[in-house]
Amino acid sequence: MGLFDRLANLLGLRKKEVNVLVVGLNNSGKSTVINNFKHEDDRCIDIVPTVGFNVEKFSCKLNIED
Ligand SMILES: Nc1nc2c(ncn2[C@@H]2O[C@H](COP(=O)(O)OP(=O)(O)OP(=O)(O)O)[C@@H](O)[C@H]2O)c(=O)[nH]1
Ligand SMILES: [Mg+2]
């Protein structure tokens, strides 16, 4: 990785897109967790049981520790 790439990553200029698959038992709170990652203005007020599956696209900032 070159200097520019490192700098761009450090400054957060390069946004990476990831796909996240959320799996779990019925009624275990998957949609609720996803809803809470959304910006306040975009959150659903009423979460109903998901029929089949949902595909959603939104931006959020994650700090992940392993
Ligand atoms: N007490 C409690 N209830 C929760 C929590 N998270 C979600 N719930 C409730 O659990 C119920 C199911 O939440 P959902 O987010 O719809 O769960 P889900 O896994 O998406 O359910 P399906 O789409 O049916 O698979 C809702 O009534 C939520 O309000 C939690 O942390 N604590
Ligand atoms: Mg759901």
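Glycine is treated like the rest: Cβ placed from N, Cα and C.
Quick look at what TrEMBL annotates:
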- GLY24, LEU25, ASN26, ASN27, SER28, GLY29, LYS30, SER31: GTP binding site (BINDING)
- SER31, THR50: Mg(2+) binding site (BINDING)
Indicate whether LYS30 (GTP binding site) is helix, strand or coil by DSSP.
helix
Round to a whole number and give the Cα-to-Cα distance in Å for the pair THR50 (Mg(2+) binding site) and GLY29 (GTP binding site).
11
Look at the binding-site residues ASN26, ASN27, SER28, SER31, THR50 and tell me which residue has the greatest number of other C-beta atoms within 10 angstroms of its C-beta.
SER31
GLY24, SER28, GLY29: which of these binding-site residues put a Cβ within less than 6 Å of any ligand 2 atom?
none
Just how many other Cβ atoms lie inside 10 Å of the Cβ on GLY29 (GTP binding site)?
13
Counting only residues 6+ away in sequence within the same chain, which have a CB under 8 Å from the CB of GLY24 (GTP binding site)?
LYS30
Using Cβ-Cβ distances, find the residues under 8 Å from LEU25 (GTP binding site) that belong to the same chain and are at least 6 apart in sequence, listing them in sequence order.
none
